[in-house]
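Visitor: Take a look at what TrEMBL says about it:
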- 20-44: transmembrane segment (TRANSMEM)
- 65-87: transmembrane segment (TRANSMEM)
- 126-148: transmembrane segment (TRANSMEM)
- 169-189: transmembrane segment (TRANSMEM)
- 209-231: transmembrane segment (TRANSMEM)
- 252-272: transmembrane segment (TRANSMEM)
- 284-313: transmembrane segment (TRANSMEM)
- 323-428: domain 'FAD-binding FR-type' (DOMAIN)
- 546-572: transmembrane segment (TRANSMEM)
- 592-610: transmembrane segment (TRANSMEM)
Amino acid sequence: MDSETSRGASLTVKYLQMGIWWFSVMIFVGYLMVWIVMPTNIFFPHWFPDIQAKADSIYFGRQGTTILIYTFPILLIATLASLYFHLEQKRSNHNTESKVGFLGFASWKRPLLGTGPLGIITMTELSFIIMFVLLLIWSLCFYIHGMFASVALDAAKERFHEWEVKLEYSALALGIVGYICLALLFFPVTRGSSILRFIGLTSEGSIKYHIWLGHIAMTLFTAHGLGYIIFWGKTHQILEIFKWNKIGVSNVAGAVSLLAGLILWAATLPSIRRKAFELFFYTHYLYIVFVIFFVFHVGFSNSCIVLPGFYLFMIDRYLRFLQSQQKVRLVSARVLPCETVELNFAKNIGLCYAPTSTIFINVPSISKLQWHPFTISSCSDTDSDTLSIVIKSSGTWSNTLYQKLSSSIPISHLDVSVEGPYGPASTFYSRHELLVLVSGGSGITPFISIIRSLIFKANTEGSKTPRVLLVCAFKKSIDLTTIDLILPVSATCTAFDISRLQLQIEAYVTREKQPDMNDKKLIQTLWFKPNALDEPVSAVLGQNSWLYLSIIISSSFMLFLLLIAILTRYYIYPIDHNTDMIYPYFSRSSLSMLFICISIAFVATSAFLWNKKQNKDLGQIKNIYTSNSSTSPGSGYYNADRELGSLPLQSLVQTAKVHYGERPNIKSKII
């Protein structure tokens, strides 16, 4: 009876998901059609005025039309996508079949191309790339064609040469086409995006699209700016660049926005990014100046065309800020002799993440500004209350951390803040019969989480796991101790039998002909005293908080509309009467941006605090590894002098086949 009820509930949820999916597709198709029709002589001369006549009101003015056409559809899709994934969690609670591809589109999320300039891309990615390129070409051609149709008449009217008018119109067309890139620019860097996951992408895998979009956008906007400068110079209107019109386009604001963008763009050069990463990173904050003055340049109404991506990015960035302000509980650290440390954090029991997920950490005692990403080595299935990362000492920051933890005078507490975790929605590696994992040095870290996940599945009845071949290369034999991190220090993992997984380890030591017997290999475990103000790692948004994310997106947008309606009805409308010819664009844009910030900050903070309170009420956040707990030996080094040979993980090193003085031949291993 319970199984039938569960199956019925699962089917209901599945049909709801299907409804949400198809409804979202319909909205997106309609939104895409707007972008396709925009450059033609149908949209702005005919459709847009008709929509504006019906949508204009004393509460939103003319900007209500652009909000309705461009902003509302994407925010609605983001809200629906969050609800979709919330329902997906409901399905998983009913032990349903695989969630991936139930609509028959799983193949679209698998890698299609593995080589070439595009890198590894899926059918979904290739489809969007083709659509984007075609839309870019289509828009540029039709805008120029439509504008050039009246060149002779406009040139005679303004007493300019025809080529000068063509130059002006070409510059205008380039700027308008840049809207397409700017509208998409912030989606790939929204780490907790429901839209990216909805189409089978991750923020980590989409960074390349942010880079490409940024280059294309800055190329178009630079050409737009240079075109107007040349036009003004040739027509003796160079002072136009310093005009800040009360109504309409502000040229000086556009110049400031372009200048900020050019500085940011210059800092992305490979020579600067690789040799002076902090300069590259902090220069990126000029995007705030770029966006603000872009809004002043074109007005808030026109900015609504590109608002959705930036709006969702602001929500994501603010939630990440809230999470980063909380110090998390660092339970223990394992210090390896190969200058590698494993940090073990307490985590919310309800926090789940996929293998190969990443997390950003900040250690204020080393640097208050630096945040570093690390792959999570633990698995949420086997490590229910801890989250682990492995850090190799290979730079100033990581070396300082290693020196702190390996010091002869142990530290009792270490303040750490985190952002994340972030990772793929699902993984496909368990579908194969043989899994070949190839790593070099600290690159073994993501494979640790994969192997732990497979160990859990191997110990679960009815689960089929692939055979695993781990091929790992190290410089020195002392680095072999990294293999011992495959099983965590947590005692909860003793219930899982690693022998049930068909695991073969081939290790290669490239710079030594034989093992160094003089090295006494020790693993030190350092336990930290708990701090009452520290809390376990908890999800702020994403796969553990999709419902809250949908509430934040929808509620903040409704609050923004309410504030805009009150402002327009009782302050702007009595002055302007919806003519857009009296009230200054600068003031309207400033107030609109302020209301966006207020709406997001208020709703996101409220949801964050409410979610935090609920977690405490449900007992999901608890104190573990306290100083008087039987699980923890207290602060300081615990079994610091225990040799590697006496550790239970030694079986992994003993079963590994170690090759000295050679590199792995991958082809022979696969064949």
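Quick reminder: no glycine exception, Cβ is built from N, Cα and C everywhere.
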Visitor: For the transmembrane segment (20-44), could you work out the same-chain residues 6 or more beyond its ends whose Cβ comes under 8 Å from its Cβ atoms?
Guide: 69-70, 73-74, 76-77, 80-81, 83-84, 87, 103, 131, 135, 138-139, 141-143, 146, 180, 198
Visitor: Could you count the residues of the domain 'FAD-binding FR-type' (323-428) that DSSP puts in helix, in strand and in coil?
Guide: 13 helix, 41 strand, 52 coil
Visitor: Would the transmembrane segment (284-313) count as touching the transmembrane segment (169-189), i.e. at least 3 C-beta pairs under 8 angstroms with sequence separation of 6+?
Guide: yes
Visitor: When you check the transmembrane segment (284-313) against the transmembrane segment (126-148), do you get at least 3 Cβ pairs under 8 Å, counting only pairs 6 or more apart in sequence?
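Guide: Judged by the Cβ rule, the two regions do not touch, with the required three close pairs absent.
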